[in-house]
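S.K.: Pasting a structure below so you can have a look.
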Amino acid sequence: MVERKASGDSTFSNELKDGDGFCHSGSAVSVVAVACGILLAGRLSLETLMWMGCISISRKTALTLAALASLSYVVCGPLLQKTPLTNRLGKMLVARVLNARQNWELDTLRSFCEVSIWLLVVWSTYVGTEGGCFGLVAALTLGTAAGAALVVLGELLQQPLRNLERVLRETSAKRARARQLEEDTFASGNIVLLVLFGPTALSTIYENCSDLMVLASMLVLGGSTILVAARLCQAWKPTRHLGTILQARILNTPENWRQNPARSALESTFFTAVVWGVYELHGDALFALQTGFLSGMSIVIASEVFAHGINFEVQADDSQQMDTSVRPVILGYLSFMVFVCVYAQGHQAVNSAALSVIINSLLWVIMGRCSVNTGVLKDLGMIVNKRALEAAENWTKFPVRSAAECAAWLSGQYLGHCFDSTFAGAVCGITAGVAAVLCSEAVQALLSSEVASTPKPKAGGSPEREWSWEEVEKHTSTEDAWLVIDGRVYDVTDFAPRHPGGPVIFKFVGVDASDQFAAFHRPRVYGRLQQFLVGQVIDDDKHLPSKATADYRALRKRLWREGWFAPDLSFYVNKAIVCVLLFALAIGLVTLEAPTWKLLRTLLAGAVLGIAWQQVAFMAHDADHYGITTPRSGASFNPLAWFLASVLFGISRCMWNEEHSLHHAITLRPQEDPQFNYLPIWLISKKELDVPGTKVDFLTRTLVSVQHYTFLPLSVVIGRFNFYIISMLAALKRLLTAKRFREAYGGLMDVTGMVLLLDATLVKQLDASWERVAFVLVSNWTVGILHIQLVLSHLATETFTAEEIADRCGQEREEQFFTFQLKTSRNIDCDWYDHWFHGGLEFQIEHHLFPQLPRHNLQKVKPLVQEICQRHGIQYRSTSFSKALLEVLRDFQGLALEIVNLRMG
């Protein structure tokens with residue numbers, strides 16, 4: 001700030017007395033803070049220019065230029081005041097010098113920007129003019145002129161910069177209170193200036209410390225030792241208050257720096273300097289730890305004596321302090337130590353890492369603020385904001401969660417810096433941090449085991465009331481949806497939009513959904529249906545279960561009763577080990593330095609990675625059906641399935657889950673089963689042509705006429721890349737158009753998982769372009785075999801249209817769920833040695849009848865299903881892989897010949 005009116009000065013003084021300004025802490029604190037701010041501004045400016053390659057200058061020369069430029073700036077102000085034309089500008093320059101402390105307190109962001117840009121101009125001008133006397137004069141002249149211009153520009157942008165600083169610094173409640181005050185009374189808090197002390201101190205320590213990892217370890221252990229000593233002091237009444245003081249120094253670090261920044265800076269510097277100095281002089285870590293422990297306690301006691309005198313009596317609030325959790329601070333120290341150990345691999349690594357942490361912290365706050373103002377991401381923004389504004393409370397209440405989120409955030413930055421890009425570090429850091437926060441929120445929701453509240457049945461409904469099937473069939477819309485399960489009628493109109501399984505629930509409104517519900521839900525879910533109950537349905541001859549259905553239901557109850565649905569974790573641990581070994585082999589082949597056989601290495605690595613993807617896809621399929629783990633009550637997000645499907649396999653888990661649920665519910669229904677809707681490329685049934693709106697144009701007839709030739713090449717060569725594209729588009733669409741937080745959350749998690757796919761990292765390790773292309777093609781073509789396996793179990797079987805299903809005499813309704821699944825699926829015969837290659841897909845019939853049955857029990861259930869089929873004369877399709885492929889190709893050829901004879905639609 002420069003010239004102020006009387007009222008402005010009065011307001012300014014009152015604010016410094018009553019507000020959050022630095023005068024509340026004393027002028028000495030402000031001077032220290034301003035000095036630290038100027039030093040950091042200069043250091044960042046110099047490091048930025050040198051990092052960008054703009055200048056090459058020693059620190060001594062830079063410091064000398066800064067001092068001379070400051071002198072020129074100071075002298076220029078009074079001179080400009082002598083002439084009427086520049087009198088006002090001169091007063092502004094003089095005010096910048098005389099009121100430096102107040103300017104940094106009131107307008108920290110503006111002052112920091114002005115100093116940084118001013119020094120950039122001075123140094124770059126000196127180096128650009130190749131130094132010497134001319135360069136010195138030019139640097140001082142242009143530097144002074146730039147300083148004057150920055151002062152004028154700063155005055156013009158004063159209020160916008162204040163608003164920006166307020167948004168970055170204040171909480172929503174505090175900002176609401178600040179709106180009631182005059183805009184001219186804004187002052188930055190202590191933490192904004194005193195946080196500048198940290199990077200300067202850490203940089204100085206690093207430049208003079210020979211082993212950062214040992215120093216970080218000793219500081220962590222020293223802080224932990226002081227904390228233990230504090231707890232011991234609290235156990236004895238005469239020293240209880242002393243123990244509370246020592247404990248508060250560590251547990252209340254943010255409050256200490258905010259309320260007493262000078263004291264905190266002094267104590268931290270003294271403690272660190274003693275530990276570091278003793279270790280550097282004697283080389284004895286244990287002795288340095290002991291000395292640091294004693295010095296830390298001594299400086300805390302000394303500062304308390306200077307501030308309050310000798311008073312270690314027990315205080316009223318000491319008992320409350322004793323209940324403070326120690327774990328958050330320990331985890332905080334450990335996180336810092338891990339961070340230093342990871343980044344302390346090169347001198348420049350620590351500087352860039354420190355700058356990255358500062359930038360990412362600001363980006364985190366900005367992203368949270370911006371997200372709150374958007375409709376779709378409002379909930380996400382609120383969560384991100386709470387992580388930043390309630391950091392101390394989060395570490396106290398959720399120490400493990402906070403440590404995991406910080407570790408993910410720092411790991412993301414490290415991953416981005418591996419690409420030698422600050423932008424990549426920022427993007428990866430923010431992405432990993434947000435993903436970790438969302439994962440922890442999902443885990444917390446799962447652990448809470450709280451079922452979402454659901455509305456009560458409509459007025460007038462009664463569990464004893466009876467409904468005819470004609471009445472039930474009237475409630476088949478999204479605005480009025482009824483389900484019939486085991487003879488009971490449920491009104492799910494309000495619940496259906498929030499159904500965790502997606503819109504598949506609307507496919508069975510107004511009909512008997514007993515078998516479909518039992519197939520996809522655990523027995524415990526039946527207890528939640530009571531709140532939707534509106535009555536019972538009157539049975540008639542058309543809706544009685546067939547004998548095959550009765551046997552199927554009896555078998556399902558037996559399997560649940562005998563524990564067949566309980567997964568064998570040892571089976572899946574072995575599968576996971578195989579996947580890990582395959583990934584490790586692929587990584588080892590890619591990183592192996594063997595120039596004599598690069599081609600073989602690249603092709604072999606791609607094939608191994610493709611097989612690893614195939615095995616991971618099988619496990620993701622099992623996980624999404626809850627065949628590996630038992631779902632928690634009320635769970636809607638499956639972390640294991642997300643990790644396997646999105647992170648390792650690289651597809652949208654939410655998209656696949658919704659499509660696969662529909663596929664199980666309406667298997668092969670023409671143009672409605674999303675996983676078997678291939679027009680205009682392939683035609684799977686002539687019934688597809690009867691679907692309203694279907695036209696056989698020139699393109700469709702051309703492509704379908706050769707579908708028996710294109711089936712294998714497209715499945716293998718294009719299938720995987722097509723999966724990438726539609727997955728990313730589906731995830732982005734879900735994220736951007738979501739109406740509920742659950743949908744936006746799923747979209748964000750899918751995008752994050754696909755970004756973290758291993759393939760891009762491995763490709764980067766290859767040098768030549770041809771190697772990268774060959775590796776990508778081979779790996780994706782190898783896993784392309786999976787797409788043939790996925791469709792081979794259903795193609796060339798029977799299909800049922802929507803009209804047939806709607807008809808009460810329709811074949812699907814007549815034969816019911818059991819026979820319908822037998823008619824639309826086939827098994828693949830395998831020997832003992834190739835079951836691993838099919839991943840459970842060879843038992844497609846059993847899987848469709850019992851979707852939640854673990855893979856290792858499908859083969860055991862097969863004879864039981866065959867027995868029911870033989871008893872009731874139902875065909876059980878099971879053939880070899882090659883014969884099934886021939887059947888599909890012959891069926892495709894027959895459909896191709898038939899469509900050639902059709903007229904253009």
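Keep in mind that glycine also has a Cβ here, set from the backbone N, Cα and C atoms.
Note that the structure is a prediction, hence the values are computed from the model and not measured.
Per TrEMBL, domain 'Cytochrome b5 heme-binding' is recorded for 464-538. The transmembrane segment annotation in TrEMBL covers 21-42, 62-80, 134-157, 212-233, 329-346, 352-372, 569-592, 599-620, 640-656, 711-732, 744-762, 774-792 (among others).
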S.K.: Please tell me whether the transmembrane segment (569-592) and the transmembrane segment (134-157) touch - that is, whether there are at least 3 C-beta pairs under 8 Å between them, with each pair 6 or more apart in sequence.
M.R.: no
S.K.: Take the transmembrane segment (62-80) and find every residue of the same chain, 6 or more past its ends, with a Cβ under 8 Å from one of its Cβ atoms.
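M.R.: Same-chain residues near the transmembrane segment (62-80) but 6 or more away: 42, 46, 86-87, 89-91, 93-94, 96-97, 118-119, 122-123, 126, 136, 139-140, 143-144, 147-148.
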S.K.: Do any residues, 6 or more residues outside the transmembrane segment (134-157), come within under 8 Å Cβ-to-Cβ of it, and if so which ones?
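M.R.: Distal contacts: 2, 65, 68-69, 72-73, 76, 80, 89, 92-93, 96, 107, 110, 113-114, 117-118, 121-123, 125-128.
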S.K.: Over the domain 'Cytochrome b5 heme-binding' (464-538), what is the model's average pLDDT?
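M.R.: Residues in the domain 'Cytochrome b5 heme-binding' (464-538) carry a mean pLDDT of 87 in this prediction.
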S.K.: Within the domain 'Cytochrome b5 heme-binding' (464-538), how many residues are helix, strand or coil going by DSSP?
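M.R.: The counts are 30 helix, 20 strand, 25 coil.
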S.K.: Near the transmembrane segment (774-792), which residues from the same chain, at least 6 beyond its ends, have a CB less than 8 A from one of its CBs?
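M.R.: Cβ under 8 Å, 6 or more out: 586, 590, 599, 602-603, 605-607, 609-611, 613-614, 617, 675-676, 712, 715-721, 723, 759, 762-763, 766, 826, 828, 838-839, 841, 881, 884-885, 888.
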